[in-house]
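Structure first, then comments.
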Amino acid sequence: MKAYNETWVHNKRLMEYVARWQRQGMLDAAKLAQIQAKFPVGFRESNGFIEIGLFVFSIVATSGSYFLLATLLGQLFNHDVFYHVFNIGSGLAVGFLAGRLINSRNYYRSGVDNALVIAAVALVTAGVVGLLPNNLPTWQYCLIILPLVLMGVWYYSDLLLTMAAFATLITALFDFFLDFPAGKTGLPFVLMAISAGLYGMARRYENRDHLVYWRDNFILLGWLSLTQLLISCNYFAVRQLHYWTLDKRPAEAPEIALAPLFWLLTTAVPIVLLYLGIRQKERPLLIMGAIGWGLALATWRYYYPVFSLEFYLISNGILLALTAIFLIRYLSVPRNGFTDRPDEDSPKELFLNAEALSTIQATSGHPGSKEDMQFGGGDFGGGGSGERY
Amino acid sequence: MSPERVLQELADQQLINDKQRAGIQTVEDHKLFSAHWELRSLLYVGILLFTTGTGWLIYKYIDQIGHTFLIIALSVLCAASFAFAVRYKGTFTRGRSYSRSPFGDYALLLACLLFLSLEGYLQYQYTIFGTRYGLVTFLPAILFLSLAYLFDHRGVLAMGLTALISWIGVTVRPLEFYFKGNLKDMTVLLSALALSIFLMVGALMLDRQRIKPHFTITTLGFAGNLLLVALLAGLFNFENLHLQFALALAVACAGFDWYARRERSFLFLLMSTFYGYIGATYLVFHYLHLRDEATYLYWLITGIGVTVYLSANRKIDAVPGVKSEEGKN
């Protein structure tokens, strides 16, 4: 039992493939309509700009009602317990409202539902944390919040909640490990290990059929964990972090233990990411590898500025532009599975074996519809449905 | 969800036959990894780093030996990039036209950015425009706008519009409620209003003539933000003209609402909603002095109201195949 209709989510993902194949000319419009009829998606069509507006004004409305109620019931809040119970109660009410709206108006990540889900989970967690004793260390609060947020992610598959869960986990780790000396040294390595582990998990599960409801959450987790990985192995980040944790701060951040190792990691991790990205053809790895390499260069220039800043800007600008120009020219014909052509292009040119494509096109045309009529799918096989789309 | 699985499900429902399934599977197996947008972003970042660096360099070593050489080198590069863009320019059409080289658009962008640096330098060092500072921004504005139409380049169009708006002394960024410049000055404010109306009328007329209709949204976006920001600034800064500015804001918002519905460009609906809400809220709090509970009630009612209003508009969008800016051609 989930917040959104799981079949529709499944069909939505399936139709993304089908629509791409149709755009690439491998299925005709009539076939697309036929498939659409068999795999219906009942969610409301939406528009990104409207979603932004709906999100913002739903937050405005929710805050208004929350503060209004809280002010009216203000007399009761002499006892803290009432206030925290009120928070939990209003969180549940908002969650209930979200559920009603999702069902009745067929919302799916339409702005209103996102806003209400965030508000519901935030209010419930605030209430729960309020009911806990006041003097717990932060990491314990985080570990209590985390399952609540994860339940929200499980039920709603919300992306902002996924970010919140990730941030909660990282905060818990920070707070826990910074409390003792060995933990301070170990924190970067723990974060690296956790990020790598989470990335592995995200990659492993993002394409599982039975987990399709959370596909976007796993993809987001992949990006988040790669970002965290790059930060936790970066020499600059580690040195600054060490500086902030010192009781007495000197004018400048002091050298850290294991500095050579962190320098190595700062440069090596992006290279490894790039290498893996090229081998596995994974976009997040390639992009984060490139960004990480930029970060590594910036770190190096920060500590060892050999030339002036504009020299670095100009030389790196030229280098980047030349690399891009070289690669665009080099990949104008496909090499090693890479190409410069946009994804949505028809595979005609990409395809070494042009015969195969003509076969698909030939079979996906009208003969295909006739065959379907034989199987009793005549309702969808007509030209009318094609025109309707 | 893997392509195999999708094909399996389609085959199970007898929506595709074995041949189609095998064919699509082969295409998916041989699917190439497209690095198209990544490489273009790389090129773009490279150009930005380079021009930022040179812009800095010009002023840092001013009056030093070799400086003239630097300026000459940059001018040569600027001219060369422009020549490259001209060399591979696609034939002019009223619709979309493309450079015959994948680098044509980027060469033009580089040329324009370098032109800005060089022009600024010439004014700084030799004051070639004297004290007519307006010309320093007006010249590139006109140049970039013409180049944008000639070469069909939306980036250069945006640069030209930015220059044109800063020519009247205002800096506006789309979707940022942030305005620099002197909108407390009635002359600046009125010229902002006049310029935005001029741009909008121009954009709509060109759109009607089907001349580069894919530029319409960019121009209207810039002009619309300028108009709404200027009207809000008028509302905030001129208490004696509240009624006039409130009416003008209402008319502008209604106009954008109408346009957004007609063209299904919901950016304009979002713009009119946000700016309109800010204006209305300002007036309500300015005149009614709401207390706590009333404030919360105001949020509650208006929040729900605007949400319902936006949802109602969304039904128009329920038809698949939304008319996009590309689709207008």
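Backbone N, Cα and C atoms are what each Cβ position is placed from, and that goes for glycine too.
As written in TrEMBL, here are the features:
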COMPBIAS  A:375-389  compositional bias 'Gly residues'
REGION    A:361-389  region 'Disordered'
TRANSMEM  A:48-69  transmembrane segment
TRANSMEM  A:81-102  transmembrane segment
TRANSMEM  A:114-132  transmembrane segment
TRANSMEM  A:138-156  transmembrane segment
TRANSMEM  A:186-205  transmembrane segment
TRANSMEM  A:217-237  transmembrane segment
TRANSMEM  A:257-278  transmembrane segment
TRANSMEM  A:285-303  transmembrane segment
TRANSMEM  A:309-331  transmembrane segment
Interface present between the transmembrane segment (A:217-237) and the transmembrane segment (A:186-205) (three or more C-beta pairs under 8 A): yes
Interface present between the transmembrane segment (A:285-303) and the transmembrane segment (A:48-69) (three or more C-beta pairs under 8 A): no
Same-chain residue ranges lying at least 6 outside the transmembrane segment (A:257-278) that approach it to Cβ under 8 Å: 185, 188, 192, 226, 229-230, 233-236, 238-239, 284-293, 295-296, 299-300, 336, 338
